[in-house]
């Protein structure tokens, strides 16, 4: 992207935020929409007349800008009450992390004529306008609400928190002239670091590209123009426009798929859908030396059981009978479309290890004139990228087909759980929820059996056998030597024992209504559930509902070790580590039994999430956190999460292996699983939301002609008790030119990998070291591109590869996240919770989590905004919002009467209310967890929490603004190149 070339003078304003299906950008009130809205800026390549120094009234620029404020916000903000300061509530904690009146970015006065910027040589690609849209743009977004087009036609002038880069245009390379900007920066990073120790003389004999200027000299500051900065929103919008209309056909090797933010259909023609596998690059270096030079991680984010949209078919199930699936005799790879049949079809050559194998007589088929089997398109394993095999008994434990799995509900009945109303709410919900256990293949009822345990410092097991008139309770008080006191009647079929189960769920809240027991155990509860599954000889899932730090005398007892003084010290890593090894040992036993643990936490104070989440993390389970749980505020979120968690399809007792063709191999794995060796990913449970991220390294030279192949094989037990193999195949290109590598990278996947790498790094290294490692790697990637792929140009220009031009802004968001740079009010538990959450996220989830989406509901000059990051949903309301809008949305007559922190919009019978509530519902439907709504009023104490998510601004915890980080990255690159 060359930002110093001329282009037609098209105003860069009014760039729309990507809208959702059903929210078309039609015209306002029947008036034709303006294609070139009026704007306070002049056209490109000319002077900028009438440049406004403050935003037009009521305009809210972007996710990167603070909401307009009628007066400066107070320097100190009152601490949010309990329930408003934790990830359990909002995901990112109540953090004073946005810009305030006391922390503002440098303003650059005066307009510089375009001619003052040094021009780079023109490259051959046509120049396209590179605007800067929200979030992070200054443009208003259109959204069709109340059945009419409501648009902000004018891009507001940015408030003092932001800056401008000189006008710029986009090409294949992104060039920003930053040499004159450094003296103006706010100093987030300090001086440039010296040569990096691990970079081993990075660019020996670098060409001079003509006369390179020396170090930057202080010059009169220029105003920075945001339109010169790569805009995530513009990239997202361009991809939607260019790639959203046609299906993505997977028949061609090494195709880069559309972005995760684009809605598209997939046609499987031999490679796995990007819904199952996404790679950091689809064209990988032929040699390890080339890979080391580029520093681009070679990784795949694999989601083996991903749910597909209804328009796409689930993988076909292939049954080869008693002989089982056909495999290579040497490397054990499964039959796939890339296997080559030879000798008239009697043998096949493995595409992974080149071994020649005999074709069994029952699988034989003749070849056509191209050497392809004539039945290739009749067999999923010969024509599709993804498919399933029914597994034979050889693939089962103890050579015995598995029983259907079981669900065990384990409910904390200590004082906190009873007092908050949690136990009563949960028991009431389970009565109806048990009718919706996962089932397969149109079965009338689920094959899953259920059991129930309650606990505080002792455990209560319940016999709910269908022949009983009333449930029977058995108490185990010896928690040091846990055992299951009954077998028959503990795990039952729901429909057979319906009356007894209902009776039990009615009785539990009453039984413990007067409890004064505040202490709880934790490890023995998991031990009991696992022993019950072992006795029943089946896999399954434990649903644990837990409220407090387990301080009762028992195995796995924990102490309160919360210590914020460790932040930014070498001991900070201990906050992320479990405080005892007992839970790893327990997790290992759970995995061996196929016992997956999902943990629902309801803490009022520190509970040591870092330790309690170990077993869910290592068994492939999930952790949900609801801080300071209150039924009236949190009921909808908890019940929605619970329903989805209970109903989703899960693969149990799973083992996953990733095979590769000769030349590369899988060397590292990230996610929620356990590994007892270097190749097998073991998962007690795996659902459609979880990913496993795999990093590859070279062990030989690759061939451009043959490319590289990946095959992910997942062996699992279905919810119906069927043993299956799910296979995903993907062919990648290989290159000898670095330009081909950089042209086929996927930045969203790269960020997913880098975040997971960093979040694992904090377990063993100081956080500052982890942050510096990320910055260095990013600088190395971009410096290698600058040296080897970019056109010769001035050293004062920042050059970004087209596919990676968003790498700096996204990486800055990761660096500013609460795990790597916590604000003052982010708790230790919040950080541990988010760390384990991100570990299993797919690419779409990390994209919106690190770079939240801001949707201006353009009702009255930008007075209402909706922000989401996959965990949180904020509705920001400006003080100057029109009275009619307030009445229509909140059923009150003025702004002052809106309740701050409101979590539910009133259901009102007017078009505006229906549209906004419909939009909120559609956003929630896209995410794997229920996003609780928080209404934030301008100038309210909650506004600091909202500003924390405006990720392009400088944060109060010290995180750099996008502009500052871009300049810092340029400094790092120049350091490497010199």
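Glycine residues also receive a Cβ, built from the backbone N, Cα and C atoms like all the rest.
As annotated by TrEMBL, region 'Disordered' applies to 1-99 (among others).
TrEMBL lists 8-19 with the feature compositional bias 'Pro residues'.
Here TrEMBL flags 24-34 as compositional bias 'Polar residues'.
Annotation source TrEMBL lists compositional bias 'Low complexity' at 61-81.
If you look up TrEMBL, you'll see 193-223 (among others) marked as region 'Disordered'.
A Cβ distance under 8 Å defines the sequence-distant neighbours of the domain 'Zinc finger Sec23/Sec24-type' (325-363), meaning residues of its chain 6+ beyond its ends; these are 270, 318, 371-373, 376, 381-385, 389, 391, 659-662, 709, 711, 713, 725, 727, 729, 731. What TrEMBL records for 325-363 is domain 'Zinc finger Sec23/Sec24-type'.
Positions annotated as domain 'Sec23/Sec24 trunk' by TrEMBL: 402-646.
TrEMBL lists 651-734 with the feature domain 'Sec23/Sec24 beta-sandwich'. For the domain 'Sec23/Sec24 beta-sandwich' (651-734), the model's pLDDT averages out at 97.
TrEMBL lists 747-846 with the feature domain 'Sec23/Sec24 helical'.
Per TrEMBL, domain 'Gelsolin-like' is recorded for 859-919.
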Secondary structure of the domain 'Gelsolin-like' (859-919) by DSSP, residue by residue, totals 20 helix, 11 strand, 30 coil
The domain 'Sec23/Sec24 helical' (747-846) resolves under DSSP into 65 helix, 5 strand, 30 coil
